[in-house]
Each structure stands twice: as C-alpha cells, then as structure tokens.
Amino acid sequence: MQYLFIFLGGAVGALLRYLLSFINTSFEMPIGTFIANLCGAFLMGFLGTLAIQYFNNSPMLKKGITTGFIGSLTTFSTFQFELVQFFESGSFILLIVYALTSYIFGILLCFLGVRLGAKIS
C-alpha cells in the first residue's frame with residue numbers, strides 16, 4: 001500500500017515539475033527548475049516537520065508526500081545537467097549565479113520550512 005501512496009504523490013509532483021519546465025524557455029536561466037527545487041526545499045522542511053507531528057501514525061502518507069510528491073517535484077539531476085550546459089557554453093557567470101542561488105536559497109527555504117512547520121505543530 002505504501003507504494004501506491006508514493007506512486008500517487010510522485011505522479012502529482014512529476015506533473016507539476018513538467019508544467020514548471022515550460023517556464024525554462026522564457027529565460028536565460030532555467031527558472032522552472034529553480035522554482036521546482038526551491039519549492040521542494042521549503043516543502044521538505046515544512047511538510048517533513050509537520051509529518052513528524054501529524055503523520056507519525058501514517059508512514060504511508062508521509063512517504064507519499066516526501067518521497068513521492070517532493071521527490072518527483074525536485075530534480076537534482078536536471079539541475080546538474082543545466083550547470084554542465086552553462087559550463088560547456090561558456091556561460092560561467094550564469095553557472096555560478098545559478099549554482100549559488102540554488103544552494104543558498106534552497107538551504108534557507110528548507111530552514112524556514114522547518115521553522116514554520118515547528119511553529120504550526
């Protein structure tokens with residue numbers, strides 16, 4: 001049954017990730033991937049913290065949200081591939097800006113998610 005929750009959460013996260021990828025064509029920097037990863041970082045902190053409090057008796061739902069939905073929404077491999085593309089095209093400034101903003105804001109948003117989740121629970 002746990003696999004079903006992961007599958008359903010994954011389907012929703014993957015669809016949202018796919019829809020966000022359309023934003024990538026409008027900017028020099030892959031904004032869709034950036035948004036997906038930052039939202040995922042915040043949600044992992046927020047929902048991960050809430051899951052400890054509210055979903056502790058439902059590990060299937062917790063896995064569906066974290067592993068399924070957030071896992072398929074975020075995309076570390078696409079992020080790495082985009083960094084390599086910047087490198088190969090000689091766009092070193094974009095590479096550095098994209099990497100640093102993704103990591104720094106990702107950590108900050110995850111931290112904020114944890115703090116907000118702790119306040120609510």
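Backbone N, Cα and C atoms are what each Cβ position is placed from, and that goes for glycine too.
Per Swiss-Prot, Na(+) binding site is recorded for GLY71, THR74, and the stated evidence type is sequence analysis. Look at Swiss-Prot and you will find 3-23, 31-51, 64-84, 92-112 tagged as transmembrane segment, backed by sequence analysis.
Cβ neighbour count for GLY71 (Na(+) binding site): 18 (other Cβ atoms within 10 Å of its Cβ, all protein chains included). Long-range C-beta contacts of THR74 (Na(+) binding site), restricted to its own chain and to partners at least six residues apart, with a cutoff below 8 Å, comprise ARG17, ALA36, ASN37, GLY40, ALA41, MET44. Only pairs six or more apart in sequence are counted, and the transmembrane segment (3-23) with the transmembrane segment (92-112) gives fewer than three Cβ pairs under 8 Å, not enough to call it a contact. Within the same chain, residues 16-17, 20-24, 61-62, 65-66, 69-70, 73-76, 78-79, 82, 98, 101-102, 105-107, 109-118, 120-121 sit at least 6 positions outside the transmembrane segment (31-51) and bring their C-beta atoms closer than 8 Å to a C-beta of that stretch. Within its own chain, the transmembrane segment (92-112) is flanked in space by residues 28-30, 34, 37-38, 41-42, 44-45, 79, 82-83, 86, which lie at least six positions past its ends and keep a Cβ under 8 Å from the stretch. The DSSP secondary structure for GLY71 (Na(+) binding site) is helix.
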